[in-house]
Amino acid sequence: MAKVYNFSAGPAVLPHEVLATAQAELLDWHGSGMSVMEMSHRGKEFMEIIHEAEQDLRELLQVPAGYKVLFLQGGASQQFSMVPLNLAPADGVIDVLDTGHWSKLAIKEAKRYTNVNVVASSADRNYAYVPTPETWQRSPNAAYFHYTSNETIGGLQYSDIPQVGDTPLVCDMSSDFLSREFDVSKYGLIYAGAQKNIGPSGLVVLIVREDLLGHAQPQTPTMLNYQIHADADSMYNTPATYPIYISGLVFKWLKAKGGVKGMQARNDEKAGLLYHAIDSSDGFYYSHIDAPFRSRMNVVFRLKDESLEDLFLSEAKKNGLVQLKGHRSVGGMRASIYNAMPIEGVKSLVHFMLDFARQHG
Ligand SMILES: *Cc1c(COP(=O)(O)O)cnc(C)c1O
């Protein structure tokens, strides 16, 4: 079997142990004689799987009482419509922080359902930083405040939790969910598409404060109504059963690896190695993101000599380092180093980068 380190931004690398377990259980889950893919979502076997996945996730993040955990479909992109439809009145206003590609899409979609006040934007410097809270122009009566904790494409991460008082705080945490510790009780709603740092695509995980449910705009489609899914414990219709099963295995893997705290330490170390390689390359490689906001999940960098970028990618591939091409809208390189990327993969990339710089610098 070809062994590569996969730096894809998503769908992304999954823990090897999880895939091996899934393989061993593929034809016969725990003596049931069935594959998880073949099970009724309302049967006792699958009910056990989804229940355990939820309990393990609650434990990993110490989700307080009063929050619902939902397993839905439609990806994180569908949340760009669901959040405003459910949490904001059509004649109300929401506050949004614009830090790049994904915040812009959230803003564009929300405008279809309510009024959007962009509190601040870092577009002026090509999203190289997060505007400081002192500059935010907040509305006095926002239905909620939305931000993106990690801009997967730009490589920008905001580690602080915005202090927004009584305004419900909503976060698109798709690409750094479970990568570091945070206090769930500071949030009204968190959503994360699974294929970055949780499991396979086809699933979005939500944690939502119960008092925010039940206020959907009247025209909200049934399938986009949080209350419907919350009342049915994510079983209003057939959920994404196999992705939920794999995500559950990932949660168990995380618990065995020291939980979110253990991951955070490993992720800091991995990102530290990579940024050090970039910063100590005498400008051969560079990051355009201001240091405090550099993502520890998606390390975006460029080569000073852009004509070498194709060669960098093809040589990297020969060395078993794949999916390093940056998003088409940004260019350059992007090394996504989610929880499941082992430190050996990062060391291997750093080794290759030093070699490449030596040969071509
Ligand atoms: C990938 C991503 C999305 C979109 O996710 P889909 O599941 O493809 O809809 C939204 N926000 C962020 C931060 C992402 O990384």
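In case you wondered, yes, glycine gets a Cβ from its N, Cα and C as well.
Just so you know, TrEMBL annotations are computer predictions that nobody has curated.
Per TrEMBL, the feature domain 'Aminotransferase class V' maps to 4-349. Confidence over the domain 'Aminotransferase class V' (4-349), given as mean pLDDT on the 0 to 100 scale, stands at 98.
In the three-state DSSP assignment, the secondary structure recorded for ARG42 (L-glutamate binding site) is coil. Taking Cβ-Cβ distances under 8 Å and a sequence separation of 6 or more, the neighbours of ARG42 (L-glutamate binding site) in its chain are MET235. Residues annotated as L-glutamate binding site in TrEMBL: ARG42.
Per TrEMBL, the feature pyridoxal 5'-phosphate binding site maps to ALA76, SER77, TRP102, THR152, ASP172, GLN195, ASN237, THR238. With a 10 A radius on its CB, TRP102 (pyridoxal 5'-phosphate binding site) counts 21 other CB atoms from all the protein chains.
Annotation comment: TrEMBL describes LYS196 as N6-(pyridoxal phosphate)lysine. Reduced to three states, the DSSP call for LYS196 (N6-(pyridoxal phosphate)lysine) is helix.
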Rounded inter-Cα distance in Å - TRP102 (pyridoxal 5'-phosphate binding site), LYS196 (N6-(pyridoxal phosphate)lysine): 14
Entry from the binding-site residues list SER77, THR152, GLN195, ASN237, THR238 having the most other CB atoms no farther than 10 A: THR152
Secondary structure of ASN237 (pyridoxal 5'-phosphate binding site) (DSSP, helix/strand/coil): coil
From SER77, ASP172, THR238: binding-site residues whose CA lies within 10 A of LYS196 (N6-(pyridoxal phosphate)lysine): none
Binding-site residues close to ligand 1 - of ARG42, ALA76, TRP102, only those whose C-beta is under 6 Å away: ALA76, TRP102
